Amino acid sequence: MEESSVTNPGKNVEEGSERFKNPMHVAAIKGDVEAIEALKKSRLKIYQEENGQTPLHLAVIKGKTLAVRKLISLGANLSKMNKDGYAPLHLAVLHDRVSLIEDLINIDTESDVDILDRNGNTALHIAVLMGNANAVRALLIEGANADLPNKEGSAPLHLAVIKGNAKVIDVLLKYVRKPNILDKNKFRPLHLAVLYNQIGAIRKIGKLKGAKISYLNRDGDGALHLATKLRNLEAIEALLDSKANVNVKNSKGFSPMHLAVIYRKLSATKIIARIDEANRFKNTPIHVSEAQKNIPALRLLCRSKANVNIKNVYGDSILHSVIMTDCEDEVKMLLDLGAKINVRNQSSGVTPLHVAVCYGNKDIIEMLLRYGADIHSLDGSGDMPIHSAAKFCSSVGIEAMIKHGEDLSLRDRSDLTPFDIVMVYVREDTFGTAVQTLTDLYKKRYLKRRSPLGSHEILKTAKLIFKFEIWKNFEHSKLNDHEYQSNIIPILRSYINDCFAEIRLMKSTLLHENFYLYEFVIKGWVNTMSLTHAYTSEVVLDHILDVSTTKGYPIYRDIIISKLERPSLLKKVLCLRIPAIHNGKTTFLDLDAVYKYLGNDDILNLLLAYSDPDPGFSESLNVKKRKLEES
């Protein structure tokens, strides 16, 4: 096993002089100056080796000062390496022979204070590694280079910081001229001081003339970034005392304040306290805390007077961003702390209310409205929140806007009402293309849904808007007025025509999605009937029959067959023997009667009674009546 730089290379010498037979070596070990001089006169070579050691090596190891001086004066080679790869100067440090250092660095002889040992270390490196402050001082006084890297690329200051010897660091710092020197790993002494928690070294290096506190390491971090990542509050305070730049960004564009939020160190955020510093994406720490779901940091930053209206690279304020995460408590906190309720996205012009109605969080929408959100505000496309809700097929957003008095007749810049906007999707060739169009719109606006988009969202929104269209035109106390009847018929006709477009789509896309479209077609219409006069119902039924005949869509036949082809339902229907009145006669339901005798109202009752339940609507009177009869 190879010896380290601090292994005692003279351990065999300690056993005594009997291992050495050469008279000069024996004299050096004993420190016999007269014998050394006499042997020199007898022409015995003073640089002769025995067991890999010269007399000078042995004299240094044994600490024989007079013998060392005599050998040097007689011309001993100060650069000669012993078998372990050490020159006499290295041995003086290894064996703590500090008093010999001055003699071994003799300006009148050929000596190299920075000579490297076999490990690539100078005597100064060895002294630092051994923590010998006296040896370090002596070497530096005699001209040792305090900034010279060893074979591994480490300067003495790097090693001193790693070892953490305060006395050695104090001595070195008086002679260091390159406090920002890099080691082989591209770390500077200050970086190492942070990594090894050398708080005193941080403060001392930071005060050096020429020390660059904000220099980055190979990973692109400065000392303050490292201290923040390590959550080392003492190191952060020491660096700030040394005037570390809290605005400097690492290679990823993050300032120390951003990292304090990311690494969830609230105390660090208090110390660094540059709360509105933006990274390269224009995200301030308050944006980062929201993205990291670091709610305590978000609250701390808000209470520390962070600018809650500052916008990121996407043009969003923090209020826009928090709404997208459904964090109701944080939305309220931001509003209480002064977030602008109608702040606009810098590029799209959408307000927080536009975002909320698109996401469909009812509680957040209600909260924004309580705080004074403008339901008539226009975004960059000229859309009010209700138009945005329609574009994004958000039934919750539409319902909330109508509840707070929004008018469904309002038109956007393209002269479209909310109902028109939704029906654009319904009229697509397939719902697959409609859903893709809607998906692309979400991506364009940088909005993320909590659940995947589907045709159900489009149909549900269309049904809801139609229901409100009916409510808008009718009041219960005026249902018998012919004026209102004349208003409802065009609306119902328009809706029914659109329903036939959906029937066509059902034969393609929706069959593969296993979605019962007839539930939407029939129930979406039937739920308006309770709000209309009986005469209106008859007119609409006639219109349905006319459309089904002229357009070639036998809607009732297709739907009834799809129901009665299910044996369990057929059996139940036949057992109940539901009566149907035709030409004044009562007929009990069987398969032939469905086509021959069943009237329009009976067909409607049948479909309501045996349709799959729709959680969006309450049971019809017909279903309740049937259940009562069964009981």
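Each residue, glycine too, has its Cβ placed from N, Cα and C.
Unlike curated entries, TrEMBL annotations are predicted automatically.
The shown structure was predicted, so the numbers you read here are calculated from the model rather than taken from an experiment.
Taken straight from TrEMBL:
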{"type": "REPEAT", "residues": "51-83", "note": "repeat 'ANK'"}
{"type": "REPEAT", "residues": "119-151", "note": "repeat 'ANK'"}
{"type": "REPEAT", "residues": "152-184", "note": "repeat 'ANK'"}
{"type": "REPEAT", "residues": "219-251", "note": "repeat 'ANK'"}
{"type": "REPEAT", "residues": "314-346", "note": "repeat 'ANK'"}
{"type": "REPEAT", "residues": "348-380", "note": "repeat 'ANK'"}
Distal contacts, the repeat 'ANK' (119-151) - CB-CB under 8 A, six or more residues away: 4-6, 85, 89-90, 92-94, 96, 98, 101-102, 105, 113, 157, 159-160, 163, 165, 167-168, 170-172, 174-178, 181, 183
DSSP residue counts for the repeat 'ANK' (314-346), split into helix, strand and coil: 16 helix, 0 strand, 17 coil
Confidence summary for the repeat 'ANK' (348-380), mean pLDDT rounded: 91
For the repeat 'ANK' (348-380), the number of residues DSSP places in helix, strand and coil: 17 helix, 0 strand, 16 coil
